[in-house]
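This report concerns only the one structure given below.
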Amino acid sequence: MPATAVAKPENGRNKGIFHNTAGFSTLITVTVLSLAWLAGFASRLFAVIRFESIIHEFDPWFNYRSTAYMVQHGFYNFLNWFDERAWYPLGRIVGGTVYPGLMITSGTIHWILHALNIPIHIRDICVFLAPVFSGLTAIATYLLTSEIWSRGAGLFAACFIAIVPGYSSRSVAGSYDNEGIAIFALQFTYYLWLKSVKSGSIFWSICTALSYFYMVSAWGGYVFIINLIPLHVFVLLVMGRFSQRLFVSYTVFYIIGLLLSMQIPFVGFQPIRTSEHMAASGVFALLMAVGALKYLHSLNPKGQWKQLLIVGGFLAAVAVFLVVVLLTYMGVIAPWSGRFYSLWDTAYAKIHIPIIASVSEHQPTTWSSFFFDLHVLVCTFPVGLWYCIKNINDERVFVALYALSAVYFAGVMVRLMLTLTPVVCVLAGIAFSILLDLVLREDEMCPPPVESEESKSLYDKAGKLKKRPHETPNGASEAGLGMNVRSGTLIAFMILLMLFSVHCTWATSNAYSSPSIVLASYGNDGSRRILDDFREAYGWLSQNTAEDARIMSWWDYGYQIAGMGNRTTLVDNNTWNNSHIALVGKAMASNESAAYSIMTALDVDYVLVIFGGAIGYSGDDINKFIWMVRIAEGEHPKDIHEADYFTERGEYRVDSEASKTMLNCLMYKLSYYRYDSGGSPPGYDRTRGALPGNRGFKLTYLEEAYTTEHWLVRIYRVKKPDEFNRPRLPVAKRTISTTNSVSKKLAIGPGTTTSKRRKGLLKNKPTVVKGKKVARLE
Amino acid sequence: MACTSANVVKCHCQKKWSSVTMPAMAKIQFCFTFILFIAINCASVNVDNISSDVKFKNVDRTIDLSSQLVKISQKITLENSGKSPVKSFLVAVEASSKNNLAYIGAKDSSGKDLRVSETTVKGHDSAKFWRVDLKDALNAGSTVVVTSETVFTKALQPYPTAITQQEDQLVKYTGNLYVYSPYQVTSQKTNVVVVTKGIESFSKVKPFSQQDGAIQYGPYPNVAPFTEKELSVHYKNNSPFLTVTRIERLIEVSHWGNIAIEELIEVEHTGAKLKGPFSRYDYQQDLHSGPASVRSYKTLLPASASDVYYRDTNGNISTSNMKVKKDSVELDLRPRYPLFGGWKTHYTLGYNVPSYEYLYHSGNEYLLKMRVIDHIFDDMQVDELTTKIILPEGSVGIKLNVPYPVTRLADSLHYTYLDTKGRPVITFKKSNVVENHIQDFQLRYTFPRLLMFQEPLLVVGFLYALFLLVIIYVRLDFSIHKAEHQHKD
């Protein structure tokens, strides 16, 4: 095999250099990996050091809340948990609608620590879970890369993934989300898969299936695995690389993985009922067919059988495909879900599912964010890919497919940058390893010590030299290298890596380490002021409202209200019910009285809006408002029209030129009610840089219950019907009219009606007049 | 004379009461002490007689209504008009306010504390009586000056009970115009201090005079024992009406030189409730808006306090300041939101103090001397206090000595880092606590000093075993069958 040819000399050379190679290289490996773990852990602690040990953002609050629930009430009660605090009045079956892997992981850690009498609060475990798992991810990446290429490349890859911003963006301390542990599960499953393909042993296949099970329990992204592995098998089949090893490993993995994945309540029967999972079963059937044909072939290994094999395989593939299409057509298999479909058609979500399109992390990725998240790796990973394809073998086919599909998905959605990052690290690690190998070969210097130096140098200051990514192919192509070229290349590399590490630290520190529920502003003298308005408002809610009060807010804040305020919400970040969200959007977009009827129908006690105008916070509700309108319009096209909220020239404004609908909708009124502080003209909106067009108005149906110190969160109480002045009705008009037809019939006289028509009618039915004694009809 | 002998018995009991022994783990012993505790409790309800010899020659009474508490101090000139020396006299609290009484104390003319103990008097079941034991017996015909001090909580009623954001808080005090006493009072004067000018109305019984911030009543001559006449004052009181509804004070003693204190505090504004909306705009306009609301308060910690933290279930409360002063650490605590009437908040306040200031030992015998409760804010009123003391693992022979009666709860165990059999936890409770209760308790226990090495040895032993296991695992071959051929390399 050509694969081992490249990896081999290095290993052989290592042996020659050291007297006790195994021990020494193990020491280096262990040292580098533990340093990578430490560096990865430390670089994710910016938020904890700057602020405190706190759960970040939105989704983590739900994960934390359910973890705390599980720790308090036990695992089975967690699985059966019906959360009546969410989606009022519908509620949410939490146990059946979450991936419980995250909660189980931190719950297990909590349980072990408490069994050892280490009283760590579950919040701290949740906060530090992702940084700890980043170390495990580094180790899994090391294993994966050394399976594909060499241990040296593995160490590079481990160091890269430990600090690369593309991964640390989702795994800083406090961002307690599924992705934090899922990337580890992903990498580890791939490592075990390659191991089982290489060895063809049932043991490794079962390990793969177990790791896959963990991944399924942790993140919805498991679909990526269950499509990528079959794709790998399929491509190997097409390349004519069928082997017994492949057959054993895939069949064992597929069956056990399928059964295990169906144990997760949230996944249930999806693996056999939805199109997303059909590729795996199709490939399974195809592999069976090819295996059978191969067996027939082995009985009579003659020329004509080979054609039969190819034709038979092709026919089997077509047959499987047709069966799947037919089953989908018949409705046995559910077609692709909207979220999945939007991966292929980027415009799909914008038209059909505005709720997905409204989330910023579902937008297509820009080039700058590729560079920002991956830095030099984005330039070097094609080199690794090229080498992998050049020296192809079964595993390298896999990594090539992994890279290509991940690049595509990362291009579609910013969020899926996360799946690209690990493979970029793997391939860049390979590229750097090859290059160092070339540069250092004749010097008889060992690559491992250099690599360990690298991992330390990640913390050094950047040099001033320009980075030169073109060095890579140059260094690779030139065979006879002079001393100067060598050292020049080496220095250039060091500088590149230093720049990379500086960039990683900077990006993690500045872009990804904000808890977003605590804001900090810096004065001119460098002093820091903390804006703690969110927790101020949630604390107020939790202490000073009735235990069962229902809070209406836009869905972004649902998890936080439930987690910090401990109150019932109408909609939250688990956006499973679009029409309910649209109803809230409609209430926000309607005028006060129309909104009041929606709010009373939904039993709303308080309304919470985020208003950033006083401090210039741009992520507030007025800026998100257009999405509320769009989502509401999707469900209630008769009542809400997006165009009404724009000016005639199609501008979105809040000042006096704004449209009338805009100036009178509930969201506008709640944001600007009695707002008179801010910039130099009182009432100036600093976020939108305008003076609100509608000011000095009064609220009829709501009253201000609380506004935080910097006006960021405003809470209004919905008045009860007896609390506001409704137009007085004269006594005569207070009659509640009985159904017209019946009264008419009565007026005509009982004699004219047939007995059939009188069915169910009360004779001498009293008319109810408010404020008067019931008088009998004669 | 019979009275005095009863006193001796009482004193004895009192001493026994305050040094109830409670061995940590022995259940039977605990039950025994519990019975003893009940027995003492029963015995301590004493019966006294009202001596006709004692007379209050003159009483100067000051009713301080300037805060949320009602503090009454009486300067009593006691006269023995009988033949025999008097050792003690009684102080009474009327039935209407006896449930509000939080603290009672007495001092002699030189400022020394006198022993005050609860008692009952036959025929006066509704009122509450306290016996004050004099330092020296009062001879016939002579007089002595004693100052008694009583503190009442929740005696001021907000009236009206709900106000809007901009209104001042008005409260009503209803008390007794005369000194409530089991003895004849020859002459008495009362001075009501309200500090504010905004007095809406007050009882007008001549002779009286009103100056800004104070009302003087009296002198009233020869008032019979147990005379009651309503005194009511309705006035403006914007001082913070904050009640600590619950506080749990946790003291964790470490013999490595540190005592960690953590207080879980629930606070409620118990003044006039907020009526109608809260307007941030009005509240921001000037500092005097929302006069009855509480923006912040000061907590004084011991001077050696360090590593202070102030947080709640949602994390750190960033709105606070700390000033280190010469004799204390002053915390300026601002709740997350201003507290209006009826609004609640809760938080955790914790800090460390070095143990050498509070923990004394000779050999294996230790004595912990700390405050039962510490300062939370000025003129605080606490509904329910629970103090828990966590001693190092292996402490035995625990004896608790408290300055005033508390309810001791069952001991429990607490597990923390590297514990094997748990640390003993002493818990006691007291309700209706005010600033005057900031006093030291004493806790004696025995701790074998060798046990200090238990925890480090545990860690060392574990690591030793771990490395040993790794060594054994690496050196020995556990594989079931040997590989058929060597590795390719």
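Placement of Cβ uses the backbone N, Cα and C atoms for every residue, glycine included.
As written in TrEMBL, here are the features:
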type     : residues  : note
TRANSMEM : A:21-42   : transmembrane segment
DOMAIN   : A:28-428  : domain 'Oligosaccharyl transferase STT3 N-terminal'
TRANSMEM : A:93-113  : transmembrane segment
TRANSMEM : A:125-142 : transmembrane segment
TRANSMEM : A:148-167 : transmembrane segment
TRANSMEM : A:188-213 : transmembrane segment
TRANSMEM : A:219-239 : transmembrane segment
TRANSMEM : A:246-266 : transmembrane segment
TRANSMEM : A:278-296 : transmembrane segment
TRANSMEM : A:308-334 : transmembrane segment
TRANSMEM : A:370-389 : transmembrane segment
TRANSMEM : A:396-414 : transmembrane segment
TRANSMEM : A:420-440 : transmembrane segment
DOMAIN   : A:551-607 : domain 'STT3/PglB/AglB core'
Recorded stretch, among A:148-167, A:219-239, A:246-266, A:278-296, maximising Cβ pairs under 8 Å relative to the transmembrane segment (A:21-42): A:148-167
Two-stretch contact, the transmembrane segment (A:93-113) and the transmembrane segment (A:246-266), at least three Cβ pairs under 8 Å: yes
Among the ranges A:219-239, A:396-414, A:420-440, the one whose Cβ pairs under 8 Å to the transmembrane segment (A:370-389) are most numerous: A:420-440
Distant-in-sequence neighbours of the transmembrane segment (A:246-266), which means Cβ under 8 A and at least six residues beyond its ends: 79, 95-100, 193, 196-197, 200-202, 204-206, 208-210, 212-213, 216-217, 222, 226, 229-230, 233, 236, 272, 280-281, 283-284, 287-288, 291, 394
Model confidence over the domain 'STT3/PglB/AglB core' (A:551-607), averaged pLDDT: 88
Long-range environment of the transmembrane segment (A:420-440) - Cβ separation under 8 angstroms, sequence gap at least 6: 6, 10, 137, 141, 144-145, 148-150, 152-161, 164, 166-167, 183, 186-187, 373-374, 376-378, 380-385, 387-388, 399, 402-403, 406-407, 409-410, 447, 450-451, 472, 475-476, 481, 486, 489-490, 493, 497
DSSP residue counts for the domain 'STT3/PglB/AglB core' (A:551-607), split into helix, strand and coil: 33 helix, 7 strand, 17 coil
Outside the transmembrane segment (A:396-414), six or more residues from its ends: residues with CB under 8 Å to it: 3, 148, 190, 193-194, 197, 224, 228, 231-232, 235-236, 239, 241, 342-343, 346, 360-365, 369-370, 381, 385, 388-389, 420, 423-424, 426-427
Residues from the same chain, set at least six apart from the ends of the transmembrane segment (A:125-142), whose C-beta lies under 8 A from its own: 29, 33, 36-38, 40-41, 44-45, 48, 53-55, 60, 63-64, 67, 102, 105-106, 109-110, 113, 151, 154-155, 157-162, 167-168, 170-177, 180-181, 183-184, 187-188, 191, 422, 425-426, 429
